[in-house]
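A.B. asks: Got a structure here, written out as structure tokens. Questions coming.
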Amino acid sequence: MNHKSKKRIKEAKRSARPELKDSSDWTKHEYCKSFDLSHRSVKDNVERADVQRLSPEEFIQRFEKPYKPVVLLNVEDSWPAREKWTLERLKRKYRNQKFKCGEDNDGYSVKMKMKYYVEYLESTHDDSPLYIFDSSFGEHAKRRKLLEDYQVPLFFRDDLFQFAGEKRRPPYRWFVMGPARSGTGIHIDPLGTSAWNALVQGHKRWCLFPTHTPRELIKVTRDEGGNQQDEAITWFNVIYPRTQQSTWPDEFRPLEILQRPGETVFVPGGWWHVVLNLDTTIAVTQNFASTTNFPIVWHKTVRGRPKLSRKWYRILKQERPDIAAIADKVDLQESTGIASDSSSDSSSSSSSSSSDSDSEADSGSEGDAMTHRRKKRRTGGMMGNGDITSQDDCASKERSSSR
């Protein structure tokens, strides 16, 4: 690795994780030597369903309506990404394009050119390496070509947030790429949205917990995790062993997934989940509001993002009056029964145990780790309309930042 590559990588690491003061902090636990990344460590107890034998109506009835996680097979059979999304080809085609791999203390995106990131990925011994998690690739002239390499699966094309407008809607799609030991800490996706995560290369380890699981049971404390508190590998080192003990409550035992190349995980809204990369992985993930989960998403959006909800409703009234009619019937005083990873939705089932004071973070099914880390370092300001100024994953900052 040449001097320039080392310099760019060092700059990105310093900006994204300022709490790690020197290089030894990144390898303090020596997880690259000690942590078990083998497939045998995963129980893999979530149902799989072949999309070639599953109609959209069956998917809704069997999985989406009952909020049941599932691993879908053969979603990616026709995707060009299966051939195009390799380290070698991505490094060659996008070598000088910058991808987001973190956020600094002020919520600005930390970005790295693909050529430097691949060098980092192939050589790192970091306990929890930097992880490309880029939500703006679809808005960039060159990076948007990634959109041509995959199709939104048939079951997830009911994208109701499109009616909020592209500029105002929360970030919803991410290109995701990282080495072994990278990942995202335990979280619930924002605003009651559900998500799908399609893995093209590598293997991911998932743990999922039902929405009513007490957060204090599954969150790593500062005393336990130190400055690696929010990292996925810390969670698997600290919390996971407890879930396997006889004293762990049966109703809160995790679902586990060993996600393989070509498999797509469906994460229903409200489910806690944590994801660890077992080797180099490349994936795409999207969050969505559908006709099925709309009542809960609407409830949480009105409570957590009032300005967004007003604009969304105006357009729904014009374009989808059937959905606006559903919104009219939602009782905003009733609990949704679906937890939030923040206290903004005061009527949610998790509000009594929540310790966060910010509104719901706009991150994807794998993406809350960076957002939570930033929350602890700064407090977003409130605008007069009740929305948090750090809304939309600091989308306007991210798009204008060249860091």
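Using the three backbone atoms N, Cα and C, a Cβ is placed for every residue, glycine included.
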A.B. asks: With HIS187, ASP189 listed by Swiss-Prot as Fe cation-binding, which of these, HIS29, HIS39, HIS273, HIS299, is given for the same site?
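C.D. replies: Record check against Swiss-Prot: Fe cation site with HIS187, ASP189, extra candidate from HIS29, HIS39, HIS273, HIS299 is HIS273.
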A.B. asks: Please find, within the list 211-216, 241-246, 373-378, the residue stretch that Swiss-Prot describes as motif 'Nuclear localization signal 5'.
C.D. replies: 373-378
A.B. asks: By CA-CA distance, flag whichever of ASN197, HIS273, THR285 among the binding-site residues is nearest to THR184 (substrate binding site).
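C.D. replies: Among ASN197, HIS273, THR285, HIS273.
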A.B. asks: Would you mind reading off the Cα separation of ASP189 (Fe cation binding site) from THR285 (2-oxoglutarate binding site), to the nearest angstrom?
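C.D. replies: One finds 12 Å between the Cα atoms of these residues.
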A.B. asks: Could you state the CA-to-CA distance between ASN197 (2-oxoglutarate binding site) and LYS204 (substrate binding site) to the nearest Å?
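C.D. replies: Each residue's Cα considered, ASN197 (2-oxoglutarate binding site) and LYS204 (substrate binding site) end up 10 Å apart.
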A.B. asks: Within 10 Å of the Cβ of THR184 (substrate binding site), how many other Cβ atoms are there?
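C.D. replies: Cβ-Cβ neighbours of THR184 (substrate binding site) within 10 Å number 28.
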A.B. asks: What does DSSP give as the helix, strand and coil breakdown of the motif 'Nuclear localization signal 1' (6-10)?
C.D. replies: 5 helix, 0 strand, 0 coil
